[in-house]
């Protein structure tokens, strides 16, 4: 189980590093192409933006896993231990409600709310219509060999929306369970630089 | 009514330890589900489209550049340069600490990173020189906040994205206030040093200053790329950020070599001898002088090509003049030092080409990428949800209601700015700066425009408020960081930082009521800001 876990972490970190690197390289080469060769790739900006969206939406679940999402812990730390734990579980469950509502809002019907739509609904609509993105085109070779349409379909770019939200929900459920079993204290990081401080803890202490 | 419920929901979630991003996002989603007939599909889609904002695209690149610049060696070089240049003044080490924080802030947009990078070295140095730990910690905790005021600054990018003000003007607007804030801290330290009779460092001589500056210059050139590129119209701010990230990566891996496969391999080896060093310096300074000259000449005159005949003259003059005047080389030795210098350069270029791909896939590089990605995600997820929240606020016409009320209540720009300062100082105690800015800006910006406040000036006021929020309890990021690295308790750090916080509060009043401090530089260089978003 530990090995699978390590493998998953390495996969997640690899994907995140790749997305960030790809964004940077594409943007940089665009500048070089414009000044050096007076040319450019029309799809570059749209491609970078999609990578950026993928970075955020794929990464948000990783953020839950490593506990890097910021929150305020000053108040709940004043509560007695059992209450603190219950509130911490509540925090994680809020994440579940958030993701589930955005994925498939019709579950709120049990509270008598008249909601509709959600990421899954939207994505399947896009899949059925099959319209393409504004600028991003398939290379000619792919169009010829696979007989695809000229533009990359929107549903491919939007695929991360249901996947990211689903992973986010999964990680929140996992976090809630870990808090219940006592493996983890809470879901949030109290401040942005927790890792940085932990690395340099007391380096200047006498 | 709906507005009240919305704010109560957010604050309730926030204080119950729900992550800030989810507090904002969940409240917005619930508000839409309960009060409006909009489909949740469009809300979900907003998570995707929020990141399509071109201005916000600069954030991951700035974070990446700052991550590469925070890998150790840059901070050391900046501190060496700072101590060499201002250390000889009374209280010099503390003044140098402030100066180092200012320079580092120009490379990295992050305050905690500045405190850790500069603080770990500078506080130890000050302790050895006989300063008290409290004084040292107080200085660095405060000077570290300049990170978000001196460009490039992520908070400014966020403000620009929220209000459609130009990023370039915001960056330039931060320069003068950043210098003034630094100067005010330095003067305060100098006065304290006089009173407490704190030590001064020995005068290091111009040679040490020059050497230290040359070493730091490669890193500090990043600032020239960003500000020069944006102001010169060469790139958009987003492109400048991407170029800066690539530059920072190359400098960290191949020039400073603090990380990656080349770490520990020096440009000039021991066995090259003094002649080799002179030759290497001759060639390096010669070509640097040529590029600098051509760049300046290209800006001043309107010639077509980058190089002219004058570039060649500068190159020749430097190649012959430097070794004869500075390198203690006789004219007969000139050819041989060119040979050795070229050999050293050839060896290093060969090494860089040979190790280029291994360096790109080295574990150190990957670690920096993953760290930058983590920070980006944490920040952007808050921003995305704050945008969602701001969208709900606007669609409920809450900003208009508040504007009408405030204008009706007889606020003028003077009292309005007091109200903004109080609101932000209070909010800054509990919220992450970027998130707070995105929530407050849509409400405050239209009122400011109505009352005739300059958009760039308003932005700088907000940034200075965020700065002060970082060093005031209960939730001050720089206090946590300083307390973490020094092992002092939070209360001790708060006490240590307090005298300098008073100075920053004075600075806030100055910035608030002297708009020219913020607006003079950007408007004289780039023309006035056109308000597009009322």
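Just so you know, the numbers here start at 1 and follow the chain as drawn.
The backbone N, Cα and C atoms fix where each Cβ goes, glycine too.
Note that TrEMBL annotation is computational and uncurated.
Between the listed ranges A:132-154, A:155-177, TrEMBL ties the annotation transmembrane segment to A:155-177. Beyond its flanks by at least six residues, the transmembrane segment (A:15-37) meets 44-45, 47-48, 51-52, 54-55, 58-59, 62 of its own chain at Cβ-Cβ distances under 8 Å. The average pLDDT computed for the domain 'Tripartite ATP-independent periplasmic transporters DctQ component' (A:23-109) is 90.
Residues 12-13, 15-16, 19-20, 22-23, 26-27, 30, 133-137, 157, 160-161, 163-165, 167-168, 170-171 of the same chain, all 6+ positions outside the transmembrane segment (A:43-62), place their C-beta atoms under 8 angstroms from a C-beta of that stretch. Away from its own ends, the transmembrane segment (A:155-177) comes close to residues 50, 53-54, 57-58, 60-62, 64-65, 67, 89, 92-93, 95-96, 99-100, 102-103, 119-120, 122-123, 126-127, 130, 133, 136, 184, 187 of its chain (Cβ-Cβ under 8 Å, at least six residues beyond either end).
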